[in-house]
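These notes concern the structure reproduced below.
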Amino acid sequence: MLRTALAQLRASEGHGGATVALVPTMGALHDGHLTLVRRARAEADHVVASIFVNPKQFGVNEDLDAYPRQLAEDAAMLEAEGVALLWAPDVEAMYPSGFATNIGVAGVSDGLCGAARPGHFDGVATVACKLFNQVQPDMAFFGEKDFQQLAVIRTMARDLDLTRPHVDAIIGVPTVREADGLAMSSRNRYLTPDDRRAAAALPHAMRTAIAAIEGGDDVATALAGLQADILAAGFASVDYAELADSRSLAPLGTLGKTPARLLVAARIGNTRLIDNMAVNAPA
Ligand code: AMP
């Protein structure tokens, strides 16, 4: 079914064949996802979106069962955005009994969310590799919202020849935010109204810390201040608040000449939120 539909899409542009972009998602779509779709439509002839709530990327005590599922509503949104094909396999089709393969991307998977959520990025890499092989896209779009995920996918796609060589086929899209600055996320709908209001303190506190670091303040002091601000705003705990090299994601104790990123994961109520922003090196 998928193969036939893809062959038809490919054939739609005559001799050279049409280009296909993949936008992988777990559904419960919001404007962040739709921004990926719009970027993909601008770059490729056809967009294939996938919706799959991937059990392999959830830990045992995480929110797999509670994760919002609204396939009919999502399908209508994707159709309205001009998506040519929605690929929404069920768990048995993706992981038939006897499924035994695991893909691990060393290095970029290790710290940050990888340390806080053991096995998470193996699950992400394994499902993304399957989606690439199933759809065989010319390019794929991922959000910078999940900055470490983007690094994992880029590394895997290069290492396993999932995309054409020497082509930047993994395209990162800047984070789409709510009016108060909170990064859009399917998990924001878990928040109580009070927690939702308090959650906007996260990006604000991050911007304050970035201004301090860019202004030459000591990084460790700025990160300690950031943690304190997040907790003071009503968050229950901070999984991590780190300055990292944008490419390797290795932790940085000082701001150097290479691009840097501030990355945070923090819990409010029962919800774990992540965010990240660029930090500019001094001119
Ligand atoms: P998810 O459904 O959470 O797995 O996300 C699917 C894709 O949408 C991933 O590449 C995410 O990074 C991306 N995404 C999620 N939220 C946002 C956002 N607020 N802005 C940009 N991209 C996003």
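Each residue, glycine too, has its Cβ placed from N, Cα and C.
Caution: TrEMBL annotation is automatic and unverified by curators.
Features as listed in TrEMBL:
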- H33: active site, proton donor (ACT_SITE)
- 26-33, 143-146, V176, 184-187: ATP binding site (BINDING)
- Q57: beta-alanine binding site (BINDING)
- Q57, Q149: (R)-pantoate binding site (BINDING)
Under DSSP, is Q57 (beta-alanine binding site) part of a helix or a strand, or is it coil? helix
In this structure, the one of the recorded positions L29, H33, E144, Q149 whose CB has the fewest other CB atoms within 10 Å is E144
Work out the three-state DSSP category of Q149 ((R)-pantoate binding site). helix
Please name which of the recorded positions listed here, L29, H33, E144, Q149, V176, is nearest in space to Q57 (beta-alanine binding site), Cα against Cα. Q149
Using Cα coordinates, what distance in whole Å links L29 (ATP binding site) and Q149 ((R)-pantoate binding site)? 18
For V176 (ATP binding site), the three-state DSSP class is coil
Between the residue listed as 'active site, proton donor' and S186 (ATP binding site), what is the CA-CA distance rounded to a whole number of Å? 10
Could you check the binding-site residues Q57, S186 and say which one's CB has the fewest neighbouring CB atoms inside 10 Å? S186
